[in-house]
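Trainee: Once you've had a glance at the structure underneath, I'll fire off some questions.
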Number of protein chains: 2
Amino acid sequence: MEVDEVVCLPRLSRVAVCGGTHGNELSGVYLVRELLKVKKGVMEKEEEQEEEEPLSVLKVLSNPRAMQQCRRYVDTDLNRCFTHATLNGLTSGTVPYEMIRSRELNAMLGPKGRSGAVDLVCDLHNTTANMGLCLIAYSDCDWICTFILKSPIKNHIPSILWESMASVTMEIGPQPHGVVRSNVYTAMKAGVQHMLDWVCFFNSGTLFEGESVDVFTMIKHIDYPRDSETRNITAAVHPHLQDRDFCPLHPEDPLFQTFSGETLRYKGNEPLYPFFINECAYYEKGIFFKFIIHLYICKHIS
Amino acid sequence: MEVDEVVCLPRLSRVAVCGGTHGNELSGVYLVRELLKVKKGVMEKEEEQEEEEPLSVLKVLSNPRAMQQCRRYVDTDLNRCFTHATLNGLTSGTVPYEMIRSRELNAMLGPKGRSGAVDLVCDLHNTTANMGLCLIAYSDCDWICTFILKSPIKNHIPSILWESMASVTMEIGPQPHGVVRSNVYTAMKAGVQHMLDWVCFFNSGTLFEGESVDVFTMIKHIDYPRDSETRNITAAVHPHLQDRDFCPLHPEDPLFQTFSGETLRYKGNEPLYPFFINECAYYEKGIFFKFIIHLYICKHIS
């Protein structure tokens, strides 16, 4: 786009903060429960300072049944249910709980384009990978997500990803699933507060100057080595790679250590940046980690 | 006992190494799978060097159904089923899977006192707590467990506990449940090898001189602060306490941080040593952590 072009966007009146989409990722579960207690407290102080129409913040516990069982999901991964086919398909026979729940959430928060739909969804997640506080956004064509990635919250975020999500996902780790660590909870609480502060700042009619921001974008993922018969994994992440999310992995760097002690190396031709290294939930999905390339996006956005 | 008293003990012919008692504690699962592949490999080399009757090492995957689902248990905690009542009680109606499995394991490895029973069970576990490699034994009246705690494996173990277990439990953390970390797997593999080496050393007729060993013993446990109505926890482990297993906790030291940010302090009168701090599985059991006192046991055992 042209450097001097100004894009005018409508205010964001309704924001949803969602925790417990995965029932065992506890930072979001406890943060949303806390926000539900604090009706007009710390998290919305910016709103009260504004004289304009107040910001409506909807706090949602996305998957109550999975939360109750402290499991990622009951029948199927809720975070994979927000597709056009699942949300609008015909139902026959026994419908998985998360499919029903995804339709309830779609009716509550959306559907996209409806006048009562929320303007922004912030979905809270944890990972066992050492990813710090990380934002995952749909694409760089979504103005609001792009602005949020460039807002003061950026100072708290080492890594920003573009991914195929319909909302902004705040992903924080490392934290074991089923556990809540105070430092991770506090980081998420601060991250959500910064995001809401930014929305209020945006709503006040601020003109944002363009600047650059580091982002990563996903290009592929690879699976663990597995036994051809049992499909059990035969190696773990190599100790040299473990916890080094977003660090460059060069050709011939150690990748896996087999359970018999052998080192397997990265055989690609170019350096890549792995993330979601040793994420618990990806064992069943056949993903060892995702590979990303490091893009320095330098668009002038006003 | 008298300082010069010598106790003669029969050799240990049969040892069981058990993994997957909790199906989502993966170091033991993958180590036992690996041992089952290596019939006469690294893990039993000492045995082959001996000219005496070889040591029989039985490798057991304790809870296959829970392993398959990557859950701690299917119906009930297997590790709480090895009671006289459960093993010998009458069955009526639907019997939980783990109760059936505990009887199968008891028939395979025991029962205690039967001529074909194993002489030693080493049960492999992980914890999300920062406990390093830790041995948990039944009591200081069990000679074999006492000797193992005093063996060269001790050099790899920062902490040794006495607890009410019917076998030696090797507990290693921190590792999220459902995840395998190479460094934790390697530490467990070395620990099991040291234990088997010690058994062979013991079986060779070695006379052990008495020496001292640091142990901790459990005295009580406390639960998380909870909402009186919902029973949900209202605080997490304080960041100053997190990961400080086996370190002294003094009166007025921070204990919890509530989700609204308040610090709750330890109100006891004497320093204690917490362990299993923020262990995932204890959330449902109503245990925040266990408290132990630091005992310096200095018995002369020959």
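Yeah, the Cβs are placed from backbone N, Cα and C, and that goes for glycine too.
TrEMBL entries are annotated by machine, without manual review.
Copying in the features that TrEMBL gives for the protein in this structure:
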type	residues	note
DOMAIN	A:13-141	domain 'Succinylglutamate desuccinylase/Aspartoacylase catalytic'
BINDING	A:His22, A:Glu25, A:His125	Zn(2+) binding site
ACT_SITE	A:Glu171	active site, proton donor/acceptor
DOMAIN	A:212-289	domain 'AstE/AspA barrel-sandwich hybrid'
Trainee: Counting other Cβ atoms within 10 Å of each residue's Cβ, which of the recorded positions A:Glu25, A:Glu171 comes out lowest?
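Mentor: Least crowded of the recorded positions A:Glu25, A:Glu171, by Cβ count within 10 Å, is A:Glu171.
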Trainee: What is the Cβ neighbour count of A:His22 (Zn(2+) binding site) at a 10 Å cut-off, with all protein chains included?
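Mentor: Excluding its own Cβ, the number within 10 Å is 26.
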Trainee: Express the predicted model's confidence over the domain 'Succinylglutamate desuccinylase/Aspartoacylase catalytic' (A:13-141) as a mean pLDDT, rounded to an integer.
Mentor: 85
Trainee: What residues, ordered by sequence, lie under 8 A Cβ-to-Cβ from A:His125 (Zn(2+) binding site) and sit at least six positions away in the same chain?
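Mentor: Non-local contacts for A:His125 (Zn(2+) binding site): A:Thr21, A:His22, A:Glu25, A:Gly28, A:Thr169, A:Met170, A:Glu171, A:Ile172.
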Trainee: Just to be sure I understand, if DSSP states are collapsed into helix, strand and coil, how many residues of the domain 'Succinylglutamate desuccinylase/Aspartoacylase catalytic' (A:13-141) fall in each?
Mentor: 47 helix, 25 strand, 57 coil
Trainee: Cβ within 8 angstroms of the Cβ centroid of A:His22, A:Glu25, A:His125: which residues besides those meet this for the Zn(2+) site?
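Mentor: My list of surrounding residues reads A:Gly20, A:Thr21, A:Asn24, A:Gly28, A:Arg72, A:Asn79, A:Leu124, A:Asn126, A:Thr127, A:Glu171, A:His177.
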Trainee: Tell me the residue counts in helix, strand and coil for the domain 'AstE/AspA barrel-sandwich hybrid' (A:212-289), as DSSP assigns them.
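Mentor: So the counts come to 4 helix, 29 strand, 45 coil.
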